[in-house]
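Listed in TrEMBL for this protein:
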type: ACT_SITE; residues: Cys376; note: active site, nucleophile
type: BINDING; residues: Gln256, Tyr286, Glu306, Asp350; note: S-adenosyl-L-methionine binding site
Amino acid sequence: MMEGSTQAHATVEQLGRSGDGMVRHNGQVWYIPGTLPGEQLHLRFHNGQVELLERESSSAERVTPPCSLADRCGGCALQHMDSTTLLDWKKDQVERTLTKSGFTDLPEPSLYQTPPHSRQRLDVALQRVPGGMVLGLHQRGGDPVDMTECPLIRPELLALLPALRQCLSSLGALTSCGNLAINLLESGPDLTLETSAPLSGSDREKLAAFAREHHIPRITWRPAPGKMMETAAQSGPVFHHFGGVKVSPPPASFLQATQEGEQAIRNAVLAGLPPLNRKDRIIELYAGCGTLTFPLAQHGFVLAYEGEKAAIEALRTATHGSRAEGFERDLNRQPLLPPELNQARVVVLDPPYAGCGKQLASLLRSKVQDMVYVSCNPAALEKELPAMKEAGFAVLAWTVIDQFLWSTDVETVLVLSRDLKRIRKAEKKRKG
Ligand SMILES: C[S@@+](CC[C@H](N)C(=O)[O-])C[C@H]1O[C@@H](n2cnc3c(N)ncnc32)[C@H](O)[C@@H]1O
């Protein structure tokens, strides 16, 4: 045995937020990737690190990962867990967050899990290696793993990867590493490429030929995240429908990860609206380019706010003839104020991963009685829910959507109200 190293046996108590099994040793907490609650482990502790020597028992919830890259690729932390148990684990996380924030006596949640082969949005790292190009997700804290298979993504995306890899490895602009975002839109895959050096004329010709051959309507290039984008190749129009309305999403725009998840979110949001007249105003915050706006516009008049210029421009262009109006606004710098919010019969919000920041306080100070909150991050919810409880809101319904299968991410739709009549009605319905 090496100096300073000790060995011990421990049982995994629970999964941590990153999906790793948690054990205790000498009063300290350790996380072991690839292990599940109840499993007994033989561990070695050395230099402040833990090493799994042997998994001595297997949980009944353990399954064989469907992907041979599962132990390396950073995309899926929990492929070794039965997916029904995984959905339950995600539900428990949200439930714990709600109860911790004071929302007890909760209604039964609705649960939804997206199937394999459904991911329509992909963000992959590119790395030049001797003889070719690696295209894939990073291993945890390491290099990208070549995506030679993936049971998560849509089959048409997987089928495109070999030709894409070949095309990208022929580009002079990819001297070392880069990034590629793909949104699979109705018009076809929409590609946004970042490269380590500028695109040459010959690179552009190669991308244009690739776009024509593989029916890729648009390939956009930018030198780095946040930098100006330019179209590198365009072989046709770019479009997608949201709630029956045709939108032309900008490059690298936000798109829900799967169509099935998008539909589950939309259904939960629409089911959570209070009774509305068509004249009633719905204020939608963080609207993107209209995923929820146009379905909502069939129930009331939507005032949609979004901070990203290109996204709100796409939304505004598509609003002609619909019952929605779009506004560009950075809701952190310039949150909607109570007098603006008070005109809404209901507020629907779908903030980014970090949550809704400064916007929340003014929302809670307003007279708004009903909200539908879409969250992709229980940790952000944990920060924000206590203030909602304090401001008198009750949870009328909650839906947990496992849109990111085999990962630890979880999407939640919360229907919140402080309208006592509506709360009582919902309670009566639930209990009686
Ligand atoms: C989770 S996405 C939801 C988008 C849309 N609801 C959908 O389902 O496609 C969050 C959106 O918030 C926008 N956003 C992020 N920070 C913002 C801010 N400070 N002000 C306004 N919008 C912001 C992003 O551009 C993104 O479109």
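Using N, Cα and C of the backbone, Cβ positions are placed for all residues, glycine too.
Keep in mind that this is a model prediction, so the values were computed, not measured.
A gap of 17 Å separates the Cα atoms of Glu306 (S-adenosyl-L-methionine binding site) and Cys376 (active site, nucleophile). In this structure the residues listed as binding S-adenosyl-L-methionine are Gln256, Tyr286, Glu306, Asp350; their two most distant Cα atoms lie 16 Å apart.
If you draw a 10 Å sphere around the CB of Glu306 (S-adenosyl-L-methionine binding site), it holds 27 other CB atoms from the protein chains shown. The S-adenosyl-L-methionine site is defined by Gln256, Tyr286, Glu306, Asp350, and by the 8 Å test on Cβ atoms against their centroid, the other residues of the chain that qualify are Phe254, Ala287, Gly288, Thr291, Leu292, Pro351, Val374.
Its own atom aside, the Cβ of Gln256 (S-adenosyl-L-methionine binding site) has 25 Cβ atoms within 10 angstroms in the protein chains shown. Cβ contacts within 10 Å of Asp350 (S-adenosyl-L-methionine binding site), excluding its own Cβ and spanning all protein chains shown: 23. Long-range neighbours of Tyr286 (S-adenosyl-L-methionine binding site) (same chain, six or more residues apart, CB within less than 8 Å of its CB): Tyr305, Glu306, Gly307, Leu331, Leu349, Asp350, Pro351, Pro352, Cys356.
Other C-beta atoms found within 10 angstroms of the C-beta of the residue listed as 'active site, nucleophile' number 21, with every protein chain shown included.
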